[in-house]
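Participant: Pasting the feature list from Swiss-Prot:
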- 153: active site, nucleophile (ACT_SITE)
- 316: active site (ACT_SITE)
- 349: active site (ACT_SITE)
- 222, 350: substrate binding site (BINDING)
- 47-355: domain 'AB hydrolase-1' (DOMAIN)
């Protein structure tokens, strides 16, 4: 195990049996939520931080679920003793969001009324629905107000949604490499993924459970996604124009190293993720827009009362920095004083999973300031 790891952790589950109302008007029950916690909740219950994961993440953000695990949780370098989210000081919560396939109820879960997986009978959900379910978990844990909600990419969308929908429930937010709505280009890449899965003959209109999995479609969808997670510079550094086979450029089935990378990661992804969950989640990403229900984007962002630290990366292709700059400017126009750090990086969108040192310094300083402010109230 790595040094300064939170060590062995157990994924916990809670099932809410009351009706859950989706933004679409659909109702579902029961709903199970998978979550993990790190650190200790203090007596005042004012040191709790909610970490929100990205598109294909899970509740397992730090530590190890088993002594045999080869890798720790997906943000282990950021969560633990002395790290950005210091477990000696804060109580960290990470839950698998609604519709995913890592323990929280989603399309692959069993519909109790039929005894079969929901498939496409599962309601279309939104980022706001994810946040509403997270709030049920926070209420269940007896936490009145979160010290902070933080996350990268789609996790940052959830942090923003928390601040807009439940402004009274968090003292601060740290949205990283994210936006209040995605660009048409991002929707276009998601469309490729959607088309690839739905055109796979094994998808069978979402009714593939217990049958042949739509592996090719999901692998291609992941390949398209991977392109947006990197940058031109990171592609050059990692692969250049190197050829991966010995047949030479005139071998019809020869391929470049970058092709090999996309193919390998695409198919590896199919071993751990559900195709229907992927379709539902990218749908939630596409339709996410903070302005919905508030008249305008400016009005929605004006609802944010939480102290805010925004982090972006100069080479982010999927969520360009100008999207955060727009939010920051709107907040300033509403008399707020958000902090914004634009980190120089060649890693592209994936920088939030790789640029640990630069993120850690500004996050630790920001959280310490918020913690002291709350403690002195």
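In case you wondered, yes, glycine gets a Cβ from its N, Cα and C as well.
Just so it is clear, the model here is predicted, and its values are computed rather than measured.
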Participant: Using C-alpha atoms only, work out the spacing between residue 222 (substrate binding site) and residue 349 (active site) and round it to an integer in Å.
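Facilitator: Residue 222 (substrate binding site) and residue 349 (active site) have their Cα atoms 15 Å apart.
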Participant: With every protein chain in view, what's the tally of Cβ atoms within 10 Å of the Cβ of the residue listed as 'active site, nucleophile', excluding that atom itself?
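Facilitator: Within a 10 Å radius of the Cβ of the residue listed as 'active site, nucleophile' lie 27 other Cβ atoms.
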Participant: How many other Cβ atoms are found within 10 Å of the Cβ atom of residue 350 (substrate binding site), counting all protein chains shown?
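Facilitator: By my count, 23.
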Participant: Can you count the other CB atoms that lie within 10 A of the CB of residue 316 (active site)?
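Facilitator: Within a 10 Å radius of the Cβ of residue 316 (active site) lie 27 other Cβ atoms.
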Participant: For residue 316 (active site), what is the secondary structure state per DSSP, taken as helix, strand or coil?
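Facilitator: For residue 316 (active site) - judged by DSSP and reduced to three states - the answer is coil.
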Participant: Determine the minimum-neighbour residue: among 222, 349, listed as recorded positions, which Cβ has the fewest other Cβ atoms within 10 angstroms?
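Facilitator: Per-residue Cβ counts within 10 Å for the recorded positions 222, 349 bottom out at 222.
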Participant: To the nearest whole angstrom, what is the C-alpha distance linking residue 316 (active site) and residue 349 (active site)?
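Facilitator: So the Cα of residue 349 (active site) lies 4 Å away from that of residue 316 (active site).
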